[in-house]
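> First the structure, which I've put down as structure tokens, then a few questions once you've had a look.
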Amino acid sequence: MIDDRPECSVLLIDDEPFAQDIIAHGLQGCTGHTLCYESSPARAVEVAREVRATVVLVDLRMPDLDGFEVTARLRAHPDTEDLPVIVLSSEDDPDIKARAFAVGANDYLVKWPDPRELVARVRYHSGACIARRQRDAAFASLRVSQEQLAASQSALHQAQKMEAIGQLTGGVAHDFNNVLQIIGGNLQLLKLVGNLSDSAKSRVEMALSGVERGAKLAAHLLAFARRQPLQSVVIDPGHLLREMDDMMRRVLGPSARVVTEIAPGLGSTMVDPNQLNNVLLNLAINARDAMGGAGTLTIRACNIDAPAGAEPASAPASALPAEIPHGHFVMIEVADTGRGMAQEVLLRAFEPFFTTKPTGQGTGLGLSMAYGFVKQSGGEIVLRSEPGQGTSVRIYLPRSDAAPAPVEQVASAPLTGGLETILVVEDEPEVRSSTCGILSALGYDVLEAPDAESAVKIIESGRHVDLVFSDVIMPGPVSSLQLGEIARRWLPWVQVLYTSGYAEGVLAHEGKLDASVHLLQKPYHPDALSMRIRHLLRHARRGQQAAARQADLHQAPVSGQRPHFGLT
Ligand SMILES: Nc1ncnc2c1ncn2[C@@H]1O[C@H](COP(=O)(O)OP(=O)(O)OP(=O)(O)O)[C@@H](O)[C@H]1O
Ligand SMILES: [Mg+2]
């Protein structure tokens with residue numbers, strides 16, 4: 001017969017070794033038990049723990065320690081306080097029995113008990129002990145699950161809150177950008193062609209600086225909402241950090257120390273370098289404010305490997321917080337020795353507009369921007385801080401196998417125009433009108449279309465176009481991406497420059513723009529617009545010239561193309 005009762009572990013404590021034989025014989029009918037014998041009563045607690053006893057049989061009369069004392073000691077230890085104790089004695093005296101129960105015994109058997117009674121009592125007490133242990137284990141595991149549930153509910157709540165604020169801020173920033181584009185574009189146009197008096201010019205300049213401030217705010221909000229169009233390229237973060245070293249020192253001031261530790265063999269990562277620059281600068285400014293000018297800012301960068309289910313290879317396990325999924329990362333840490341943050345500040349630090357700085361000194365957008373940027377770049381950001389212990393911000397960016405791209409220097413140039421033809425596609429009439437005005441003022445031949453469908457008609461009519469400048473999100477059956485494709489099919493050398501309040505979903509894959517997509521973020525400054533246009537047209541011209549040379553070499557005309565060279 002199979003007995004599926006949990007095994008009972010009997011510990012017998014008796015100074016007389018023959019007692020072991022008698023009890024062993026008595027327990028023969030008790031299936032699934034083990035018997036452990038100990039002659040020294042002083043070792044009772046220790047052995048009971050060792051063999052995980054489920055019931056203890058203890059002789060009452062022993063020379064050094066008697067059964068009362070052994071029982072009292074078992075009750076006094078937290079690991080054996082609930083362990084059932086049966087006192088064995090040859091004395092059938094009610095007073096002695098009562099005393100045994102008073103010190104904590106669970107039962108009392110007069111030597112030597114009938115095997116059937118012995119087995120029944122041992123099973124009864126052992127079963128109660130096992131049931132209590134199972135109940136305690138279930139309670140403990142329930143408590144752990146409840147704690148885990150509470151932790152994940154709070155993480156979910158936090159994530160939902162951030163998501164909701166992100167949706168709201170993203171939407172506001174998008175519309176805000178279009179409004180700024182209308183105001184800024186018209187002010188710029190006024191400045192270019194308005195024949196303004198000096199005082200009017202200074203008013204326009206003032207209004208334009210307001211537009212610029214608004215644009216910065218909108219850009220930060222978009223960054224938090226993870227909707228800023230990122231121009232990601234593969235970079236060497238060590239190079240970027242070394243380049244920033246000087247700037248960091250200037251930000252921190254002369255009384256603070258800046259330590260930069262870049263681990264050898266640091267990997268590359270695909271990220272928007274300008275935005276990363278911005279984020280690190282914001283973290284340094286926060287550190288400066290927290291340190292009150294003096295202290296140490298440490299910037300560390302190293303590889304972190306977190307293979308699934310394995311110990312991280314190039315970093316101690318303590319370096320990997322729970323938020324980091326498995327994968328290969330470049331970790332950049334900005335740590336300060338400043339005043340640190342209280343728990344309630346730490347919990348809200350990533351929220352946009354959350355600041356503890358006096359009015360006018362902080363907008364509360366630095367960390368929220370960093371948060372959005374890192375998440376949008378496929379990474380994680382972890383904040384650790386304690387009051388008086390300083391703050392550490394760790395940014396984990398996915399490591400890339402590709403070699404870093406050469407740094408492209410785009411020289412800033414004053415407003416330059418040209419004689420090429422530019423097709424402006426924009427559904428907002430005010431935005432379209434001010435943009436067309438600026439491009440015309442710069443000398444370009446400007447065509448305009450209110451949507452992609454009308455733009456396609458213009459292209460298909462055979463009109464020559466050198467560059468299509470198109471909004472990304474427009475109503476109508478033809479998308480801005482399709483417009484780009486059609487334009488390139490008709491006009492192989494045409495350049496396409498997109499513009500948008502944000503690039504969510506349409507041009508961007510998870511918010512990251514394809515390297516071949518050129519995008520100018522709204523609201524744009526005429527300088528930026530003219531520079532991007534000239535850059536693209538110059539690029540096209542070089543391509544055309546190279547193709548013409550190739551064709552000359554092969555003595556064959558380049559078919560179907562009308563050379564159209566503009567100013568560069
Ligand atoms: N290194 C730091 N040490 C201590 N507290 C910090 C640190 N970084 C941020 N904080 C706390 O988090 C808040 C939010 O930081 P965040 O950078 O988002 O905004 P801000 O610095 O207040 O304003 P902004 O960056 O827009 O100028 C700060 O006001 C400050 O209380
Ligand atoms: Mg800040």
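Cβ from N, Cα, C; glycine included.
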> Have a look at 195-216, 525-546, 547-568 and point to the one annotated region 'Disordered' in TrEMBL.
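Going through 195-216, 525-546, 547-568 one by one, TrEMBL gives region 'Disordered' for 547-568.
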> Any idea which of the modified residues D59, D471 has the thinnest Cβ neighbourhood at 10 Å?
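Sparsest of the modified residues D59, D471 by Cβ contacts within 10 Å: D59.
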> Sorry to bug you, but what's the C-alpha spacing from D471 (4-aspartylphosphate) to D59 (4-aspartylphosphate), rounded to the closest Å?
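Just about 93 Å between their Cα atoms.
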